[in-house]
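Heads up: the structure comes next, in structure tokens.
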């Protein structure tokens, strides 16, 4: 210890020499500051931010002086200073425990003498730093220096006798003042790391915001760049998030604005609406004559047609490559109506359609069609914008203070009538509809649509018991055409809802109705017997009533009540079955209905009775018509019609077929095939047929080519998998195992793709002559399909496309369908 004291004395003398010139001034300041010490300490806790700037400035000035003083003190002071800073940051163990104890004692000796001369004039905020740093430092060292407490006390007494000042902390313990926190010119270097560490004791000051110091600028070049790079993506993601948020808000707003009509009370007494306002129809654009270089020839001679005759000629020219123009009835009807539009001279000249040359006109319209396909993006956008403008202006109406979409707000342009099936009036001219042909329907208190300039409406009505907005009579069959609301509208939704609910009610009394008509087979009245047999056919075969016509239905179709003797054949036994009836007649759209069905013996006997003494073109049910049948159906159940029977039988057939065909272990494509097969059974029941598409054979060849290519791909994948497995047995390393797993997954993926293609081919082949969409959209209760999808995990998008989901699956239907495929939700069990 004597050697240590000698060494310490020499150090103290060196320190005294440096500070001797300031001694008297500091003593004076010390006496003044000691008086306010306690008060200032308390005050500094709340005013750190006010004193930080001047204290930081002093720190910077004193760092420069410390650098100069450190050069004078030499290596000895550097080691001592390094040990001092390592003590603060917890790095004391690097230089060994042996030197640490000795250096700590020397360090404390020097600090005590410095406190005597230099610590008196410290600033208030710096003294607070010092006390808190010392307190933290002591907390970290108290376990290591517990055995040396007595020695420290003795040393403190010695220094106090020499005039040293003790700095008393808030916890009541004396602690040496640390050199590293000394802002004075004491010849010690304060590193940026040490200064940075000083921020920790200020954690209790909530308002304190550490000021960046110059010594950190070296690190901040790269760091700041990284921070900027980190910030940019965040801003981007935030912007993206905002966009998504806006989209979600828009979608949510649209959902909120959607009319929840199913929650409102319905109008009574047949009232469909109380307020209706719209802008009227959009008429077809006027005819634009073809250019002069587009010639028409008759019998090899150039003929200049009048505008009206030329317009009708263009209708035929546009269809020149179609099979319709080869049909005699089409050509005959066209030529007859075309001559009505000709002038007298043209009628006298053009007497034979076969001598007319429409090739130049046809070529011109083909070029026009190609030009439309090759339009620039800007041209297409311009047309799209114009269509959108018309849609916003004419495509919506206000019904009962709600905006509703109109289905077909454009008047059909003039052209040639094609009809459904082999219609006898195909080829006739559909005349241009003018405002004078139009009947407007709207509410009295609405703004009545304005007719085009120079024209007026035929009539304006205010009939709230009908759902159409505009009507006119077309000239081909004299039928009335309408502009109606979109299928997603309230009126259409209510109509569909009522139709399916009526079919569900029929389930409750269908057995009673069946028992009734079976009893009527034995009635003494021929009228009752015919009615009972017709109802049996409607129930069992889902036949249409006959004269019951829907919009656009042609006049040459045959239904149940309009069957003639020539349409059926009776077989006592056929193909091992008794009492077989063969039906063969043109159904709706002139589609042939051909079916052989075994019937009840009583029905068979009645049919023989009905056919007695009748010619082939005589009515089979000569005592029955649709009015009599519908009246009887209404007596059996309110709202019951032949169409309700078709809806009921179609829906229950779908439900039964889904139960039989669906396998819960199948994958989604196989389940969809099962659904389509169930749908196919319904389409066959309802006779929803179609002609095979012209491109069917070509599309099947392309599909078969894809299947063959996929099979080759699967064979290659299996070979690679087998080879990888063989390598894995030899190498037995992780990389080979991963390769085997990858090849295995590739085989499974290709197998699944092949199966999808094969299912698609089967589906197409089975349904090439079956129209699945008609029954799906008009006769099948959507709740059955929705419940099936939920039960078997099939996306509803695989069953209904976007438009169908919007129009058919209204919110009311969705809300009443749960994921449980139970008897209540199955609708018809």
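Even glycines carry a Cβ here, placed using N, Cα and C.
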For which of the residue intervals 538-543, 544-549, 550-555 does Swiss-Prot record region 'Interaction with DNA'?
-> 544-549
Specify the secondary structure state of residue 779 (active site, O-(3'-phospho-DNA)-tyrosine intermediate) as given by DSSP, simplified to three classes.
-> coil
How many Å lie between the Cα of residue 630 (site 'Interaction with DNA') and the Cα of residue 557 (site 'Interaction with DNA')?
-> 19
For residue 420 (site 'Interaction with DNA'), which of the recorded positions 468, 588, 688, 706, 779 has the nearest Cα in space?
-> 588
Would you find the one among the recorded sites 420, 499, 588, 688 whose Cβ has the most company, meaning other Cβ atoms within 10 Å?
-> 688
Rounded distance in angstrom between the Cα atoms of residue 557 (site 'Interaction with DNA') and residue 706 (site 'Interaction with DNA') = 42
Here are the recorded sites: 557, 630. Which has the lowest count of other Cβ atoms within 10 Å?
-> 630
Rounded to a whole number of Å, the separation of the Cα atoms of residue 779 (active site, O-(3'-phospho-DNA)-tyrosine intermediate) and residue 499 (site 'Interaction with DNA') comes to 9
In whole Å, how far is residue 499 (site 'Interaction with DNA') from residue 468 (site 'Interaction with DNA') when you measure between their Cα atoms?
-> 19
Among 372, 706 [recorded sites], residue with fewest other Cβ within 10 Å = 372
